[in-house]
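Below: the structure, in structure tokens.
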């Protein structure tokens with residue numbers, strides 16, 4: 001057990017009793033009286049005999065727990081000094097005192113034992129953590145060796161392919177093999193409470209703080225406990241996910257956090273843990289975190305029109321969403337990032353299928369199809385029906401994915417600027433490459449107000465109204481902010497229209513004044529020519 005166990009080791013003393021060597025063993029918790037009684041018993045003397053202990057050279061030895069140990073070659077000699085004559089009363093008093101002393105001794109022993117047990121537990125926890133790291137590293141080495149063997153076999157059998165597209169995955173995943181170094185923030189009670197609400201301000205937090213918030217969500221929902229997720233693996237996985245979001249204006253790690261936080265708030269707001277299994281909650285949260293992994297900043301329309309590698313690979317069918325799924329499971333395939341390592345194979349199959357279904361549902365090209373199916377099931381919604389539950393989960397992740405306008409205006413509006421910036425980057429590229437440009441992405445045709453009004457009115461409000469039928473609490477918390485947002489952008493559009501009308505009138509007046517100026521000049525010149533000379 002290590003050095004810590006030496007404190008429990010008993011002490012052995014050797015006595016010379018009439019030429020016979022007697023070994024006496026006692027623990028460090030014995031007092032002097034106990035040891036003296038033990039020596040008396042060993043030498044056949046009465047227990048109340050006062051004795052002295054002598055070394056081989058007749059030096060006296062103190063009889064107490066700290067007395068120096070000896071060996072069989074250097075035994076101590078026991079010399080009786082006197083036999084105490086005690087009265088019955090004194091014996092009774094001594095007995096009581098002995099019992100009191102024993103109780104005190106036990107109390108002190110308990111405190112000492114508590115301290116030592118605490119130290120041992122700390123040592124064991126550290127050892128378990130180190131052993132866990134070793135297991136992860138061993139699994140990583142096995143995986144690396146397997147991949148190297150497969151690569152060698154593939155190289156031996158590889159032939160030249162005339163295809164212009166490379167189907168090798170050149171994306172560099174960056175899991176952390178060491179223990180993650182981002183600081184573990186202690187979230188205040190106020191932050192923990194705010195984190196459960198849709199009004200949470202996602203702009204106030206740095207990436208490390210967002211990672212700590214995500215980590216807290218998995219612990220708070222009981223997912224770490226129920227699926228035996230290694231906390232170190234959870235942190236590695238979150239770091240790797242963070243590193244595989246690009247620095248796009250909109251589709252970045254903050255958007256990932258925003259969507260996941262909204263999912264987390266809906267779990268608490270709608271009491272989803274009462275409706276879904278813990279595996280469903282795990283799928284919802286993990287799909288939300290992974291739903292836009294490695295997003296390039298250009299949507300599916302661009303991928304298909306530009307015939308990119310992703311469009312070719314996935315046959316124009318939700319190329320981005322398929323790519324997000326692929327990256328998610330490439331990360332999870334690495335032992336040091338596999339948060340599902342303790343989940344049985346059948347459970348992992350269900351989790352994988354669930355995540356794929358939800359991430360593919362975030363393709364807005366499928367919005368009408370999914371909404372129609374959900375509305376059909378809403379007439380007789382059955383929580384015991386797996387198909388109904390799957391559709392509800394698809395709607396939930398869709399709500400969270402496009403939920404910015406549910407948040408307070410000061411939190412939501414900056415996201416519109418980010419989205420338009422990404423749209424304009426794409427439309428500029430489409431123009432330069434001679435590809436079709438969507439009007440809602442063209443910087444020459446769209447404004448913030450026009451971009452939002454139609455989206456809120458025809459996409460967001462109908463979807464959240466449908467969810468409200470199952471969860472009435474959503475109306476006040478999430479639907480009402482959408483109505484207010486619609487009114488805000490309609491007022492903004494009226495102001496924009498008024499400004500355009502005023503600008504148009506100003507331009508007309510300026511243009512008219514410019515055209516009339518030459519005519520007046522010509523008339524003045526003609527009058528001057530007609531006037532008589534002086």
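Cβ atoms are placed via backbone N, Cα and C, with glycine included.
If you check Swiss-Prot, you get these features:
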- 251: active site, proton donor (ACT_SITE)
- 251, 252, 253, 254, 255, 292, 401, 423, 451, 452: 3',5'-cyclic GMP binding site (BINDING)
- 255, 291, 292, 401: Zn(2+) binding site (BINDING)
- 292: Mg(2+) binding site (BINDING)
- 517-534: compositional bias 'Basic and acidic residues' (COMPBIAS)
- 175-496: domain 'PDEase' (DOMAIN)
- 318: phosphoserine (MOD_RES)
- 500-534: region 'Disordered' (REGION)
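Everything Swiss-Prot records as a feature, shown here on the structure.
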| residue | record | Cβ within 10 Å |
| --- | --- | --- |
| 251 | active site, proton donor | 25 |
| 253 | 3',5'-cyclic GMP binding site | 21 |
| 255 | 3',5'-cyclic GMP binding site | 22 |
| 291 | Zn(2+) binding site | 27 |
| 292 | Zn(2+) binding site | 25 |
| 318 | phosphoserine | 21 |
| 401 | 3',5'-cyclic GMP binding site | 21 |
| 451 | 3',5'-cyclic GMP binding site | 17 |
Hey, how far is residue 401 (3',5'-cyclic GMP binding site) from residue 291 (Zn(2+) binding site), Cα to Cα, in Å?
9
What Cα-Cα separation, expressed in whole Å, is found between residue 291 (Zn(2+) binding site) and residue 255 (3',5'-cyclic GMP binding site)?
10
Measuring CA to CA, name the entry from the recorded positions 251, 292, 318 that ends up nearest residue 451 (3',5'-cyclic GMP binding site).
251
Taking the centroid of the Cβ atoms of 255, 291, 292, 401 as the Zn(2+) site, which other residues of that chain lie with their Cβ within 8 Å of it, listed in sequence order?
251, 256, 259, 288, 295, 362
What three-state secondary structure does DSSP assign to residue 401 (3',5'-cyclic GMP binding site)?
helix
In whole Å, how far is residue 292 (Zn(2+) binding site) from residue 251 (active site, proton donor) when you measure between their Cα atoms?
7
